[in-house]
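> Let me begin by handing over the structure; questions about it come next.
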Amino acid sequence: MTTNSSSSRPIRIGWMLGFSSVTRRQQHLIRCLGGCNNNYRYTTTLYNHPKKENKMQSVKPILEAEALSIIKSITPTLDPSRHKGQAGKIAVVGGCREYTGAPYFSAISALKIGADLSHVFCTKDAAPVIKCYSPELIVHPILEESYSVSDDEKQSRAAKVLAEVDKWMERFDCLVIGPGLGRDPYLLDCVSDIIKRARQSNVPMVIDGDGLFLVTNCLDLVSGYPLAVLTPNVNEYKRLVQKVLSGEVDDQNGPQQLLNLSKGMGGVTILRKGNSDLISNGETVRSVSIFGSPRRCGGQGDILSGSVALFLSWARQQDVESKLSMCPTMLGCIAGSILMRKAASFAFESKKRSTLTSDIIECLGKSMEALSPVN
């Protein structure tokens, strides 16, 4: 199975600015910065630098005992009285001509962990490929790219895309925005509308891959939304820091900078992926470094996004029934990080250098049983 990762594409700059594709991206960026819906208008000052304090933010690591406790506390029991859908309904918005693997990895991971239903909203070209990967996924071929829509049709077609997604929106427990999305300007415009509608409907969102490219250029989409989770890799995190904090990444004071970044975006939860995953909602910082693997094959971030989405939805359900120790977005990120790392370690034990993302996915069930056994 051939897959691609959209997050690793270089941004074209300098002499390549003359190309029409980059011009379209510039126009999209201008629209985002100047034309976002006023209902989501962010303040002119993206970040107010805090007063200097002698004590920097400390980070509390997640130890194995706490990891087991967190996952057990939010994982629903397998009760025969439950019906289909109660264990989680996740939707991935992503997948285009070039990138079909990422949305599959994200959606199938949620199912492997224990979700009941997993949907993928993708472009028409991507749909047959994703369907061939697995019959378990519900695939909606509704997204459009610029090449397939004439200028006079764009507005009406965008409205149809939003209407189709809107029919399903209230059924979903969480959306994953971005895996394999690509950077086509028209497609990003359509996804911007989906994000706004999800926010209006109070649906949690995990933003990854090219979804991060979109929201970094239009912070209004997620700023101040407490049910938004961002999962940036090193390059995506660098762009966020530059945009929000007007500075460069400071690894020496990483936890404090992450806390400031989350505050600067109005309290969204950010999972900074790395050797140790750092997680903050603007109030606290936690780190996850247990388990893991030295193998860095592409697609692991897609597994993480699907994992976080499902655990976040489970945490919200449990939070209604019994007050949890942390907010659902933090718990979802912590649990997703732990499980992904556990599965990666299991896969590496047997596959070593040949470990692929598909190998890690196959270890998700084993890892879940090791962390939270079925009674």
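Numbering starts at 1 and runs along the chain as displayed.
Keep in mind that glycine also has a Cβ here, set from the backbone N, Cα and C atoms.
Feature annotation from TrEMBL assigns domain 'YjeF C-terminal' to 67-371. The annotation (6S)-NADPHX binding site is assigned in TrEMBL to Gly180, Asn233, Val234, Asn235, Glu236, Tyr237, Lys238, Arg239, Asp302. Marked as ATP binding site by TrEMBL: 273-277, 292-301.
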> Across all protein chains in the structure, which of the binding-site residues Lys238, Arg295 has the highest Cβ count within 10 Å?
Arg295
> What number of additional C-beta atoms lies within 10 angstroms of the C-beta atom of Gly180 ((6S)-NADPHX binding site)?
33
> Would you measure the largest Cα separation among Gly180, Asn233, Val234, Asn235, Glu236, Tyr237, Lys238, Arg239, Asp302 for the (6S)-NADPHX site and round it to whole Å?
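Looking at Gly180, Asn233, Val234, Asn235, Glu236, Tyr237, Lys238, Arg239, Asp302 as a set, their Cα atoms extend up to 20 Å apart.
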> To the nearest whole angstrom, what is the C-alpha distance linking Asp302 ((6S)-NADPHX binding site) and Asp277 (ATP binding site)?
15
> What is the Cβ neighbour count of Asn275 (ATP binding site) at a 10 Å cut-off, with all protein chains included?
7
> CA-CA, which of the binding-site residues Gly180, Val234, Glu236, Lys238 lies nearest Lys273 (ATP binding site)?
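Closest recorded candidate to Lys273 (ATP binding site) by Cα: Val234.
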> Identify which of the binding-site residues Val234, Cys297 has its Cβ surrounded by the largest number of other Cβ atoms within 10 Å, counting every protein chain shown.
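Of the binding-site residues Val234, Cys297, the highest Cβ count within 10 Å belongs to Cys297.
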> Taking every protein chain shown into account, which of the binding-site residues Glu236, Asp277, Asp302 has the largest tally of Cβ atoms within 10 Å of its Cβ?
Asp302
> Are there any residues in the same chain, six or more apart in sequence, whose C-beta is under 8 angstroms from the C-beta of Ser293 (ATP binding site), and if so which?
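Expected: Arg341, Ala344, Ser345, Ala347, Phe348, Thr355.
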> Rounded to a whole number, how many Å is the Cα of Asp277 (ATP binding site) away from the Cα of Val234 ((6S)-NADPHX binding site)?
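Asp277 (ATP binding site) and Val234 ((6S)-NADPHX binding site) have their Cα atoms 11 Å apart.
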> Using the alpha carbons only, what distance in Å do you get between Val234 ((6S)-NADPHX binding site) and Cys297 (ATP binding site) once rounded?
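Checking the Cα atoms of Val234 ((6S)-NADPHX binding site) and Cys297 (ATP binding site) gives a distance of 15 Å.
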> How many Å separate the Cα atoms of Gly180 ((6S)-NADPHX binding site) and Asn275 (ATP binding site)?
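Between the alpha carbons of Gly180 ((6S)-NADPHX binding site) and Asn275 (ATP binding site) there are 23 Å.
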> Which number gives the other C-beta atoms within 10 angstroms of the C-beta of Gly301 (ATP binding site), all protein chains shown included?
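Taking every protein chain into account, the count is 24.
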